[in-house]
Amino acid sequence: MTLGPDSPTATAPSHQGAGFPPSDQKFQDGGRAAHGTESKSLSDESPAEDSDAVQEVEFKEGGYGWVVVFGVWLVNMHTWGLNSSYAVFLAYYLRSGTIIGASPLFFAFIGGLSVSIALLVSPAATHSIKTLGTRVTLFIGVIFETGSFIAASFSDHAWQLLLSQGVCFGLGLGFCFTATVGVVPQWFTKRRSFANALATGGSGFGGLTYALGANAMITNLGLEWAFRILAIICFVVNGSVCLIMKDRNKAVGAKHIPFHKDLFFQPEYWLFVGWGFFGIIGYIIVVFSIADYALQAGFTSEQASLASAMFNLSQALGRPAIGLLSDRLGRMNVAGIGTLIASVVAFFLWIFAGKYYAGLIIYALFGAVAGILWPCVGPVAAEVVGLQLLPAGNQKRLTPWGCIALSVYWIILVFPSTFAEVIGLSLKRETIGATVYLDVQVFTGFMFFASFLSMWLLRSWKLRQMESLGLDEKEQEAAIHNAAAVRPSEERKRGSASNTRQQNVVVSYVTNMFVMKRL
């Protein structure tokens, strides 16, 4: 279960952490020069660093990078895609009663637990990349994932399913995700957003394929052999990707730093967290509940699996489109508007049209905006903490903020990921028909709306930040891509700072929410 472009002159990202690489080596070097705060002089640089710099200048995007994109696409298909198909397993568990000692809330907890474990293990996986390398880290994930399906095929008690399909699968998902999520941006500059969105689209195709395939295998072969077949497929496909995966960590000087406490003192970072916190609650409720909702509304199991498949198809086709739109319209604009659309369709399409099968399919086709967090989180992180617009002399060195920010980000999202579906099922009414999910639908709509407000306030902060530096319109557009390349005059900075202090902060934030600008 997704990454961001930079300007045509930007280079590949310099950091790959437990998340998405945020900033470029060129940005860091340029930032030190622009602010007159180089941590060391050029004469002190080693020949190896000079060689890496030359290599970065000569690097041209694409090439073997497209092989890497295909490999990451396959991994996403057979990790996040399989995780999305848990909606089919959940619907089967709820109606079959085959697991001893399990309740409906327990099954909901299993789905959220796999996602939260994947996010929680990201610092350990980051350390593994640093010490063992990308391929070995990916293969560790493959072993965990394969083992989880084999163990689940022999599980008939609740605690066994918890350890296999919950914890073990989550470990495999986390190692595979962390190992591959930062590789694609290292191979692209101009089309970085599109390449990342294309790679993350594999999760949608996986959800489409395995939502239909898992239902068919459970119906015709039984639950046990469905798990075993999935284990074989995962090992063969993801194991093969280990052979072709190739990163550029040395070329771009990637650093793997899992944590930094200073992030907790940045208000804008908490707005960024709010966008993901509320958004992932809404997303997990929808992706895991849509099949059971279809059954509650009176549709067949085949129709329910098809609705889940259409939801994942929307993500498969929509994520590359989201990447292209982010290139043209701005990262924060697309992230915010997409989340708002997810809220609107939850309130109106899902509630009023979802009781009819055609209406449910139409709602499912908006799955791309429900999961907009995944293709947008990396680019937005770069805007928030990777590209710092600080006055000259206020910064001794530029730290790998985006790498650290995403590592901390995933850990914070563990809590909502774990309990989102539990909250969703606990809100189900004791009635018959589609109204069983009415409270769930309303709650989901409000979660997406809260996510939108967080992002739009964050966008206002970004606009105010650039205004406080006195950047004109052209410089503001340039700062969106490479903040360090822009250095306004001292006079303009002092004048703008004075105007900013005179302006009420609340009024400024509210006003900026209605400013139409590519951001």
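Cβ atoms are placed via backbone N, Cα and C, with glycine included.
TrEMBL: automatically predicted annotations, no manual curation.
Residues or ranges marked as region 'Disordered' in TrEMBL: 1-54. Positions annotated as transmembrane segment by TrEMBL: 64-93, 105-124, 136-155, 161-182, 194-213, 225-245, 269-291, 334-354, 360-386, 398-420, 440-458.
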Quiz item: Per the 3+ Cβ pairs under 8 Å rule, pairs at least 6 apart in sequence, do the transmembrane segment (194-213) and the transmembrane segment (105-124) touch?
Solution: no
Quiz item: Which of 105-124, 161-182, 225-245, 269-291, 440-458 shares the most C-beta pairs under 8 angstroms with the transmembrane segment (64-93)?
Solution: 225-245
Practice problem: Using a Cβ-Cβ cut-off of under 8 Å, list the residues of the same chain that are 6+ residues beyond the ends of the transmembrane segment (136-155) and lie near it. | Solution: 75, 78-79, 99, 125, 128-129, 161, 163-165, 168-169, 171-180, 223-228, 230-231, 234-235, 238-239, 241-242, 245
Quiz item: Hey, which bits of the same chain come close to the transmembrane segment (105-124), Cβ under 8 Å, at least six residues off its ends?
Solution: 1, 18-19, 83, 86-87, 90, 93-94, 99, 158, 161-162, 165-167, 169-171, 173-175, 177-178, 258-259, 284, 288, 407, 410-411, 413-415, 417-422, 424-426
Practice problem: Would you kindly list the residues that approach the transmembrane segment (225-245) from elsewhere in its chain, counting only those six or more residues past its ends and only Cβ-Cβ distances under 8 Å? | Solution: 67-68, 71-72, 74-75, 77-79, 82, 134-135, 138-139, 141-142, 145-147, 149-150, 152-153, 176, 179-180, 183, 210, 214, 217-218
Quiz item: Going along the chain, which residues at least six beyond the ends of the transmembrane segment (440-458) come within the CB cut-off of under 8 Å?
Solution: 268, 271-272, 274-279, 281-282, 285-286, 289, 293, 332, 335-336, 339-340, 342-344, 346-347, 350-351, 354, 370, 380, 384, 423-425, 427-428, 509, 513
